[in-house]
Amino acid sequence: MLEVLAGIGRNGRTGGYRRDAWSPPELELREWFRQEADARGMDRHEDRNGNLWAWWGDPDRKPGVVTGSHLDSVREGGAFDGPLGVVSAFRAVDVLRARGFTPNRPLGIVSFSDEEGARFGVPCVGSRLLTGILPPERARGLTGDDGVTLAEVMRAQGRDPAALGRDRETLARVGVFVELHIEQGRALTAPVGVAAAIWPHGRWRFDFHGTADHAGTTALADRDDPTLKYAQAVLAARGVAEKLGVVATFGKVMIQPNNANAIPSLVSAWLDARGADEDAVRRLVAELSEGQEVVCESWTPEVTFPAALRDRVAAIAGHPAPILPTGAGHDAGILASAGIPAAMLFVRNPTGVSHSPAEFAEPGDCAAGVTALAAVLADLCGEAT
Ligand SMILES: [Zn+2]
């Protein structure tokens, strides 16, 4: 199934994926999801916030056990981050059916919309809207680099942006959520692990202003060059992060007007900061923000997955499976922070590289992930008698 998806949104030169929310490759992946649901005779629908659902059993009769992940990618991302969880969800259903298993609770598969935030800057838009964590009026106004808003993009795809927002009906169908995901660090040495917690993390936009002028005729002493302020901020971020024991990244930068022969007038740069200790992350941002123009674009406090569910999943997924924290954000974390029992399975990443075309998981480990997921779903659903 991953091979079927391998060509969608792939840059043939670099091997990296670009599957921005609501872009043609992402729409193709949505169509693939619908076909996989139909092929299994699952009831499917898209909720008001653009998340895709497929159901085995009737989730309005009693709350279901839901698994899945996302199909969008970061820019120049890898093949596994997101799709591995959705593919494994469909494969786990196949495994259970081949075994003659009949779930006692409805079993759902979800693909959350715009998890990475590659296009509009805010991650987990679909799950944040669903749970009400992201106000719909803010979501509608989110604007991509091309100046087009999320509302305009959705309208162009025949969706109704006025309907965005907290969706109690859809949420009520989710009794418990288990997300399978590729591990994104080097911490997992067993084929399958279980998440303990997601580090607190956020994104901040820094605007460094200067004065546009000629690159040849303006003496160095006469310049107000915002790239120098940006460069100082990058170096400061590294130093403060080391001091406080957190991680900080300026991974996205936009320079105005972006002429090779002009001193820029504006540098906008996005700081991504995370760490095990929330106070340390906040201190880092406060230190770097001093005297700067800074806007917080997203903030997610630490999410600790419920211990009883975590231990139950670990016992079933391994002997038991190792439990580890992660610095990566996930839809499961958003659902957990909204009070829905949630857990995560990680599949080993031999290099630890992620958000890169080099991201990889061994086929044997992916298969182990499906086996573990199927066992967890069977346990949570219970067998109909
Ligand atoms: Zn992901």
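Every residue gets a Cβ built from N, Cα and C, even glycine.
According to TrEMBL:
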BINDING   His70, Asp81, His181  Zn(2+) 1 binding site
BINDING   Asp81, Glu116, His355  Zn(2+) 2 binding site
BINDING   Arg203, Asn261, Arg274  allantoate binding site
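When the binding-site residues His70, Arg274, His355 are compared by the number of other C-beta atoms lying within 10 angstroms of their own C-beta, His355 comes out lowest. Secondary structure from DSSP puts His355 (Zn(2+) 2 binding site) in coil. Within 10 Å of the Cβ of Asp81 (Zn(2+) 1 binding site) there are 25 other Cβ atoms, across all protein chains. For the binding-site residues given as Glu116, His181, Arg203, Asn261, the lowest number of other CB atoms within 10 Å of the residue's CB is seen at Asn261.
Within 10 Å of His70 (Zn(2+) 1 binding site), counting CA to CA, the binding-site residues Glu116, Arg203, Asn261, Arg274, His355 contribute Glu116. Here the C-alpha separation of Arg274 (allantoate binding site) and His355 (Zn(2+) 2 binding site) works out to 16 Å.
Residues from the binding-site residues list (Asp81, Asn261, Arg274, His355) with a C-beta closer than 6 Å to any atom of ligand 1: Asp81. The record assigns Arg203, Asn261, Arg274 to the allantoate binding site, and the maximum Cα to Cα distance across that set is 36 Å. Those same-chain residues not listed among His70, Asp81, His181 yet with C-beta within 8 angstroms of the centroid of the Zn(2+) 1 site C-beta atoms are Ser69, Phe80, Gly82, Pro83, Leu84, Gly85, Glu115, Glu179, Ile182, His330.
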